[in-house]
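Reviewing the structure listed below.
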Amino acid sequence: MNGHTKTYGVTDPISLAASSDAENKLNNQLIVELKLQNSFESESETRKRVEVLQILQQLAENFVYKVSISKNMSEGMAKDAGGKIFTFGSYRLGVYGPGSDIDTLIVVPKHVSREDFFTVFDQLLRERKELDEIAPVPDAYVPIIKIKFSGISIDCICARLDISRVPSNLTLSDKNLLRNLDDKDLRAVNGTRVTDEILQLVPKPMVFRYALRAIKLWAKKRAVYGNVYGFPGGVAWAMLVARICQLYPNVCAAVIVDKFFYILTQWNWPQPVYLKPIEDGPLQVRVWNPRLYAQDRQHKMPVITPAYPSMCATHNITASTKKIITNELIRGSKIMNDISNGVKTWKDLFVKHDFFHKYKIYLAVVAVTRGNDEQHLKWSGWIESRVRLFVGKLENHKGIAMAHPFVQDFQQSFLVQDDNTHPEKLLKRNIDPLISMLGSKEVNDLIASNPTIYTEITEDNKNNPNIKSILKKINEDNNDASNNSDNDENGNIATNINGNSLESNENNLIQNDSLNISVVHGNTLENGDKTDNLIDHQLDINKKYAQLHSTTLYVGLEINLNSNNNNAGNSANGNSPGERKLDIRALCQDFYLVCRSLQEYDETTYDISIKSIKLYNLPDFVYDLAKGEKRPLKGNKNKKRKNDKNSKKPKKIKNTLKGKN
């Protein structure tokens, strides 16, 4: 036997054989392709990460010191109280690349509270010149402060251990450190513990890292990466790769990738994936157990974390996302066969997804903020974390065969000018049309026809002196518009989602082939100088402006309104007998209510809209036009129908989605 004889995981290896010369050649080709795909960052970028983490470590110690002094501890005891930064996720696993964020955990002693984290530590961050963005989310499932620091995105979470000091040599491997932690602290600590366990449970960490880089790249390219959207996140994909490494402990990364697709296309879900047997521990906490807990039996593709207490890392997967993941695994398996046979190359495995080409109808969920960046980060993050629940309701609708959430959001920011014709309404006259179009390509037309009213803030023009001057003025007096707005006229359909107008408005019955709900894209220009010249001409710093932020999330719908489903679901779906239309008003209303449950929700600041958009009406920014990606072209369907006597009339979609909440 060659190589490892130690057994990793819950079963014996499938094979102890080493890689062949041909497989090693494929492995070299894989590493070359990963470099071409920009999977690795430069040494200078890595050094910058290390420097940022050193600064955060200093801030963590200063944070604990300040809180300790405020609790009347002596100078010596306060300095000795410690505080330590741990990393987890892709950075800790060693598979980070350009633009990757860093997941950090700040461990503090028992006299430092979570409230201190969101006050004292928050303030320490704000005092640093390196801070670019900050968004505290204290009511998240795992309370978090999201920051951009020296250009690097960092997620900061905090856990308070039941110990009087946190020394610099502390590790989190001892399960007894979990005693007396509340649920949020336990979840915070678990991320680091899981990451550390994964690295200890793979035979060859370097092989694991190369293979995981390939699978992460594949999952992101194919849009099946993101726990919040109902797909496996980074930790779940890492555990799946680690399990394949356990089954083939002596092979190279290329073989691991091949076996990854081979094994998982045949996996008998919901049979769980384990890296080690589930452990008992000292806590009276829930450990994943489908025999005891009905909720655990509902998990579609369970992947179980190895660290105590074991949890399911893939509990967010829905029926729709499971089908999408399975199809992508099958595709990957076929391509791997072709790669092994020399028919295709690694580049073929990493071809971009076709999400914005494959569905006829999409839903755009648009989060809008009339306020600053920090407010919008909080609002859009809240909406993003709730979209999965909305998708779950959609896929259970009788007329929807699949609800496919896209795993990336699209951010835009606008300056909207007041035309001063209706001072009592301030900017509402100009803001409402923009909001109604966000999410589709018609926003281009709106902005192009009103260049002095609407300006999209882009990377090219954000440093324009006029834009910076206007933004400064807005920040100094950002409550003017909301304080003077007329609450009784605060929107059209969206503000009346519980009113009769929503139930009876026939304009909300949209023909499938003539869907023309507007969307906003923006007047992005190619040349920086031309941008500045046009901006200078368009913007009048003496006018009143509002800044509008938007985040758009898309859900592709596979609609199935056959006669049986339609008749069976008339009463439940709000459809009249014989009509072929999709009515999801109740689902949208429920989702609006969920979103408005945010504690800081304010209708003058936050807004949400849901609208249906046809494939050909999607905005340009969802396509990589600069890289040669082509928009879908609209065919002449009327001519086709004229020659097709058996063609049916288009289905009606009851679109009560547009407008505000």
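The backbone N, Cα and C atoms fix where each Cβ goes, glycine too.
Automated prediction, rather than curation, is the source of TrEMBL annotations.
Here is what TrEMBL records for this protein:
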- 9-202: domain 'Poly(A) polymerase nucleotidyltransferase' (DOMAIN)
- Phe88, Gly89, Ser90, Asp101, Ile102, Asp103, Asp155, Lys216, Tyr225, Gly234, Val235: ATP binding site (BINDING)
- Asp101, Asp103: Mg(2+) 1 binding site (BINDING)
- Asp101, Asp103, Asp155: Mg(2+) 2 binding site (BINDING)
- 207-351: domain 'Poly(A) polymerase central' (DOMAIN)
- 354-632: domain 'Poly(A) polymerase RNA-binding' (DOMAIN)
- 478-499: region 'Disordered' (REGION)
- 480-499: compositional bias 'Low complexity' (COMPBIAS)
- 629-661: region 'Disordered' (REGION)
- 633-661: compositional bias 'Basic residues' (COMPBIAS)
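A map of TrEMBL features onto the structure.
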{"residue": "Phe88", "record": "ATP binding site", "contacts (Cβ under 8 Å, 6+ apart)": "Asp103, Thr104, Leu105, Gly191, Thr192, Val194, Thr195"}
{"residue": "Ser90", "record": "ATP binding site", "contacts (Cβ under 8 Å, 6+ apart)": "Tyr96, Ser100, Asp101, Asp103, Lys216, Gly234"}
{"residue": "Ile102", "record": "ATP binding site", "contacts (Cβ under 8 Å, 6+ apart)": "Arg49, Val52, Leu53, Thr87, Gly89, Tyr91, Tyr96, Ile152, Ser153, Ile154, Asp155"}
{"residue": "Tyr225", "record": "ATP binding site", "contacts (Cβ under 8 Å, 6+ apart)": "Lys216, Ala219, Phe231, Pro232, Gly233, Gly234, Trp237, Val407"}
{"residue": "Val235", "record": "ATP binding site", "contacts (Cβ under 8 Å, 6+ apart)": "Gly89, Gly191, Val194, Thr195, Ile198, Thr305, Ala313"}
Those binding-site residues listed as Asp101, Asp103, Asp155, and which of them has the most Cβ atoms within 10 Å of its own Cβ: Asp103
Residue counts (helix, strand, coil, in that order) that DSSP gives for the domain 'Poly(A) polymerase central' (207-351): 75 helix, 4 strand, 66 coil
Integer average pLDDT (0 to 100) for the domain 'Poly(A) polymerase RNA-binding' (354-632): 72
Residues within 8 Å of the Asp101, Asp103, Asp155 Cβ centre (excluding the Mg(2+) 2 site residues themselves): Gly89, Tyr91, Ile102, Thr104, Lys146, Ser153, Ile154, Cys156
